[in-house]
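> Look at TrEMBL and you will find Ser101, Asn133, Leu198, Asp201, Ser202 tagged as Na(+) binding site. If you look up TrEMBL, you'll see 18-39, 51-78, 98-115, 127-152, 230-255, 261-285, 306-325, 345-366 marked as transmembrane segment.
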Amino acid sequence: NKVLRLSGDLSEPGEMNWQMILCLVTTWVVVYFCIWKGVKSTGKIVYFTALFPYVVLIMLLVHGVTLPGALGGIVYYLKPDWSKLAEAQVWIDAGTQIFFSYAIGLGALTALGSYNRFHNNCYRDAYILAVINSSTSFFAGFVVFSVLGFMASEQGVDISKVAESGPGLAFIAYPKAVTLMPLSPLWATLFFFMLLVLGLDSQFVGVEGFITGILDLFPQPGAGSLRRELTAALCCVVCCLIDLSMVTQGGMYVFQLFDHYSASGITLLWQAFWECVVIAWVYGADRFMDDVARMIGYRPLPFMKWCWAVVTPLVCVGIFVFHVVNYKPLTYNKTYVYPWWGDAIGWVLALSSMLCIPCTVLYKLLRCKGSLREVRVVWRGSSCLCPQPLAAIL
């Protein structure tokens, strides 16, 4: 591969690719200047980064469905394989996709939501977000598989042979299919520019959430915007330095390691489990329902309380157990198997996030005096979260 110049093993990092370094640094510079002033500046840019991909997807779909073999790809996409439901990896991947696409457990939505008006209808927004996200994913499937069906038809092979999972689908299979299309340079340019815009959009949210968390953890009233700009610069520089490990000849192996273990998969499920436990069982699901009612003027459906307290924790634990029981070493491109020490590094990355909450809970318990019942009462804190009831301002 001319771009990656992939080495043969994780232990062979090889040389750094200066073209990739230039692209990496440019990307982080763009990210910094888009977020350094806060959500007001980021919000204006997101109007473009969030809407432009829909325009490209529609264009790709309109062109893709006219290609020979597109119907076969769409049928392959829509036809379910019920036997896959017995595989634990399918449930793990499904849970990972839902959690990652909604940024659940990452703190980004919580950080961005903190900038809303107190009485903003977050309950309605959650439903709208769920519908838009799922609809977009379903729609994008038609775009991808119509073109993959064309590729399979051109090569005379079954579509399962050309449909890959993970980063290989976006960066290998689909681009290869685009090269077979008429006016391929145009469609390739649109496709990769769309990926760049989507990546920047996701990066804005992730970094913004991280910066907001740092500023809230160490508040300094009256510090002004300079403190935020310096914090944003520091975060971007540190992230860029970490990313340098991914622009070597062995960088794809490092990327796959981060993608599989760091803040994804079972890590997000684990974080979501503890989040539900803290909200529903420590703070109290009923009290949380009351807090939401103070914000929006009515209580959410009772079903939501059961989701927070029972359904979601059980689903997270179930998928986590499935993963542990059916654990297999990480592979790349279905051929290269990571060495044991590579998987060990991955688990260190995962545990660095997973152990934060239980270790903090244990530390606080050991330092608190009194019975567990007394400690729980203290930890629940005050339920007075708003300046005044919503009814008072209506």
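Cβ atoms here come from the backbone N, Cα and C positions, even for glycine.
Show me how these features fit into the shown structure, please.
DSSP classifies Ser101 (Na(+) binding site) as helix under the three-state reduction. Under 8 Å, Cβ to Cβ, and six or more positions away along its own chain, Ser101 (Na(+) binding site) finds Asn133, Ser137.
Sequence-distant contacts of the transmembrane segment (18-39) (same chain, six or more residues past either end, CB-CB distance under 8 Å): 3, 45, 112, 115, 199-200, 203-204, 207-208, 211, 225, 228-229, 232-233, 236-237, 239-240, 243-244, 247, 251.
Beyond its flanks by at least six residues, the transmembrane segment (230-255) meets 4-7, 9-17, 20-21, 24-25, 28-29, 31-32, 35-36, 167, 207, 210-211, 214-215, 332, 336, 338, 342 of its own chain at Cβ-Cβ distances under 8 Å.
Through the fold, the transmembrane segment (261-285) approaches residues 92, 95-96, 99-100, 104-106, 305, 308-309, 312-313, 316-317, 319-320, 323, 330, 346-347, 349-350, 353-354, 357-358, 376, 379-381 of its own chain, all at least 6 residues removed from its boundaries and within a Cβ separation under 8 Å.
Sequence-distant contacts of the transmembrane segment (345-366) (same chain, at least 6 residues past either end, Cβ-Cβ under 8 Å): 257-258, 260-263, 265-267, 270-271, 274, 278, 330, 338, 375, 379.
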> Where else in the chain does the transmembrane segment (98-115) make close Cβ contacts, counting only residues six or more beyond its ends and a cut-off under 8 Å?
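Tertiary neighbours of the transmembrane segment (98-115) are 39, 122, 129-130, 133, 137, 205-206, 208-210, 212-213, 216, 263-264, 267-269, 271-272, 275.
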> Over all shown protein chains, what is the count of other CB atoms within 10 A of the CB belonging to Ser202 (Na(+) binding site)?
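Ser202 (Na(+) binding site) is surrounded by 15 other Cβ atoms within 10 Å.
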> For Na(+), what surrounds Ser101, Asn133, Leu198, Asp201, Ser202 with a Cβ no more than 8 Å from their Cβ centroid?
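Those within range, site residues removed, are Val205.
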> Counting Cβ atoms within 10 Å across all protein chains shown, which of the binding-site residues Asn133, Asp201 comes out on top?
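Of Asn133, Asp201, the one with the most crowded Cβ is Asp201.
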> When a 10 Å sphere is centred on the Cβ of Leu198 (Na(+) binding site), how many other Cβ atoms does it contain?
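Summing over all protein chains shown, Leu198 (Na(+) binding site) has 16 other Cβ atoms within 10 Å.
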> Short question: which residues 6 or more past the ends of the transmembrane segment (306-325) have a Cβ under 8 Å from it?
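Sequence-remote neighbours of the transmembrane segment (306-325) are 88, 91-92, 95, 265-266, 269-270, 272-273, 276-277, 279-281, 285, 288.
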